[in-house]
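Student: Following this message is one structure expressed as structure tokens.
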Amino acid sequence: MRKEEIIERYSRIFPKASRVTYAPIVAVKAKNAKVWDIEEREYIDFLSDAAVQNVGHNNEKVVKAIKEQAERLIHFTFIYGFTLEPLLLAEKLAEISPIEEPKIAFGLSGSDANDGAIKFARAYTKRRTLLSYLKSYYGSTYGASSITGLDFHVRALVGELSDVHYIPYPDCYRCPFGKERNSCKMECVEYIKAKFEGEVYADGVAALFAEPIQGDAGMVVPPEDYFKRVKRILDEHGILLAVDEVQSGLGRTGKWFAIEHFGVKPDIITVAKPLGGGLPISAVVGRAEIMDSLPPLGHAFTLIGNPVASRAALAVIEEIEEKDLLKRAEKLGSYAMKRLGKMKEEYELIGDVRGKGLMIGVDLVKDRETKERAYDEAKKVVWRAYELGLIVAFLQGNVLRIQPPLTIEKETLDEGLDKLERAIADVEEGRVGDEALKFVHGW
């Protein structure tokens, strides 16, 4: 079957609400950091399936766990009975969590995990108001989309949860308060205090939802002491801190959870994407008293705690431990940041390089002074990278998303960075025509 036919059939059967594409790759095989398409072309994957493949595509340990479990028991519903696999996984998550003696509720996606976190936070505090960040992304289910700070136009069509308020995220490259790093007085923290003195009754707020590093906003890393200052304000008013580690968790930034970089302990953590190694599974990890605040079946789905997905997830965590992938992510991330920093010196198109571990953003701009986002140029870079055999995407329309598997070989990382540099050079020097714009959509 031809690639073009498959893509055309996709457009006929799947709604646009379910997908957004960057390149016409019909994948048929993958291993570690490489993907092969239906035409037998090889690609280096700098996207990790949208930050899913932390331990690499088709990881041998994960595949073995799936096969063994599928031969023995595929499913026995968690909500009515008992199986060993989700228990072992939950105990392992509790072990690596920065929350002491937590309880864990399983789900199927990051979206439903964040929906669950909303329910647990409101039930425990008996408060309704929620705080979230502008440009945040928590998922596409009803609750998760209600606290998402990106403008998707979805809420205007379908409605949203009430009592949600937004605050600016501390973006030091494009400061929402117009400050520079050397003149910053943490106005982003003072804004929260002012919010509580004005339109929001602080003692009615259940939780602040936060990404420790804003992923889909363009890999935005906050100042090191930001969350410490915010947590002090929250604690004064009995407000919970719920952190979304769906994209940043399980070693991606060089820590089990990205929030650990900032020296605070959250009350609730949501985990998903890389947890199942490609299988659908998520978790809400929270303080026991918070997690016990909902009644029986208050956050339950028929397929949660699936033995196959649980066994795969346990294998993912074991692989991260056994191969010391936290240290590897930190080391390779530091190396990649240095190489990308050198590219920034060479190419005016690169305005900023930021990130932690192997969660990196390359901010493309039309002008370094104005920081005007280079939307068309980003599309052209992604297209040229595809032609060169590199899978890369962008966020916010202009920030290249660099998130290869934590298991990527050093030489493969270098090869991918070489391809990326060539793509950027070709775009900057005008060697990629406007016809590329009609092929790349993204968001």
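Glycine is no exception: its Cβ is also placed from the backbone N, Cα and C atoms.
Not my notes, these are from Swiss-Prot:
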{"type": "BINDING", "residues": "Gly110, Ser111, Gln247, Thr302", "note": "pyridoxal 5'-phosphate binding site"}
{"type": "MOD_RES", "residues": "Lys273", "note": "N6-(pyridoxal phosphate)lysine"}
Student: Of all the binding-site residues given, Ser111, Gln247, Thr302, which residue's CB has the most CB neighbours within 10 A?
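Tutor: Its Cβ has the most other Cβ atoms within 10 Å: Gln247.
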Student: Residues with Cβ closer than 8 Å to the Cβ of Gly110 (pyridoxal 5'-phosphate binding site), same chain and 6+ apart in sequence?
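Tutor: Sequence-distant Cβ neighbours: Tyr138, Gly139, Ala144, Asp244, Val246, Gln247, Thr270, Val271, Ala272, Lys273, Ser282.
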Student: Once the chains shown are all counted, how many other Cβ atoms turn up within 10 Å of the Cβ of Lys273 (N6-(pyridoxal phosphate)lysine)?
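Tutor: So the Cβ neighbour count for Lys273 (N6-(pyridoxal phosphate)lysine) comes to 25.
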